[in-house]
């Protein structure tokens, strides 16, 4: 009996030991010792002239004292005894990619800086030259006059797996070579206004000052540049985002050779393909980038691409979602010939175009359009009151046909007064709207539960709106 109890106790201890061993955290010491020396601290100075304060706090606010400790000016410019010219300090991180002193960091770390100073782990400091920045990917390339420097090893972010351990090294709040760890939370993450970067999302602690620092995999290879955090407080909340290193290195090569990035464009406005839109266009599943507008005379227009086409592939690369297309096209060399596969009227077809170069974006001034002359004030089956634009209004809107939305009495329809309905798409067939009577006639032919799509012009933009069923007008 005692023997059996001893054997049972021994087996239990073995099981608990194995369980504890399986739950051990990884050891990062070797990685940090070998790679930490290639991570640098970056401090910037910007000389600001005028009366405005760089801080949105008054002197009694605790946050004023906090930021003042990290290099912000001691007073508020414009007050008696305060200078009208002052220095605005900034902090960031970076890492060395060549022994000759080339350093990668974020564009926002060095933007508008009058002086950039790089400090190495051995406490040596160098004034750095900004060779170039690319705001669309938030990558910057610096150069310091030094040689024989330690460099990082580069990895393949495509091989990262969700749940894999990663390590961030940087200078949060100026604290050099701070090491934090976490896991890959997601890959290929798209963020608002960030069309050119498929971010790596992690839960590694990243704070102000970490920007531009490296994200390592467990093999000690850099897989990303820590760039952004999602926070309501200004500090770490478990959502950190890194730029994949392969994208950053492509940008680095162009900045090194020409000081700027040449990015391709094809002249289309696109939107995501939802399940309802896929059904309307006859796609087997939601995929690709739906062309909402084609620039007149642009590369896509010359190639024969039309509004309502869904771009499935570009140069053989699959466009899984709309956010993939700007990244793929943007990294294509301007002037090159590219093959585009589009979905049109129930089948895929290939087209060839010449990629143009993207210029600095101008700002359009969309205005709300006035309703046209009333042609049928009654509310139609969709709960809309419509009118037909006069010839002068068509010229102003840049349209040939279409109907103007004067009133919306169906809360389930995402239309607004002033919108112009240009076309209706049902089962992959796109019909241009010629008049209010024509549009209402098309609606009467649809089943009550039908899913269909409208091509709508709103201000200066065009978009596809999916509608599932007619519902009740109010």
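Backbone N, Cα and C atoms are what each Cβ position is placed from, and that goes for glycine too.
Just so it is clear, the model here is predicted, and its values are computed rather than measured.
According to TrEMBL, the protein carries these features:
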- 1-20: signal peptide (SIGNAL)
- 108: active site, charge relay system (ACT_SITE)
- 108, 138, 209, 210, 211: substrate binding site (BINDING)
- 138: active site, charge relay system (ACT_SITE)
- 211: active site, charge relay system (ACT_SITE)
- 260-319: domain 'PDZ' (DOMAIN)
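Shown on the structure are the features that TrEMBL records.
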residue	record	contacts (Cβ under 8 Å, 6+ apart)
108	active site, charge relay system	135, 138, 211
209	substrate binding site	91, 92, 93, 170, 171, 172, 173, 174, 175
210	substrate binding site	93, 168, 170, 171, 172, 178, 226
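Using a 10 Å Cβ-Cβ cutoff, residue 138 (substrate binding site) registers 24 neighbours. Other residues of the chain with a Cβ within 8 Å of the Cβ centroid of 108, 138, 209, 210, 211, the substrate site, are 92, 93, 105, 106, 109, 208, 212, 213, 226, 227, 228.
Secondary structure at residue 108 (active site, charge relay system), as computed by DSSP, is helix.
Here the domain 'PDZ' (260-319) has, by DSSP, the following mix of helix, strand and coil residues: 11 helix, 20 strand, 29 coil. On the 0 to 100 pLDDT scale, the domain 'PDZ' (260-319) averages 91 in this prediction.
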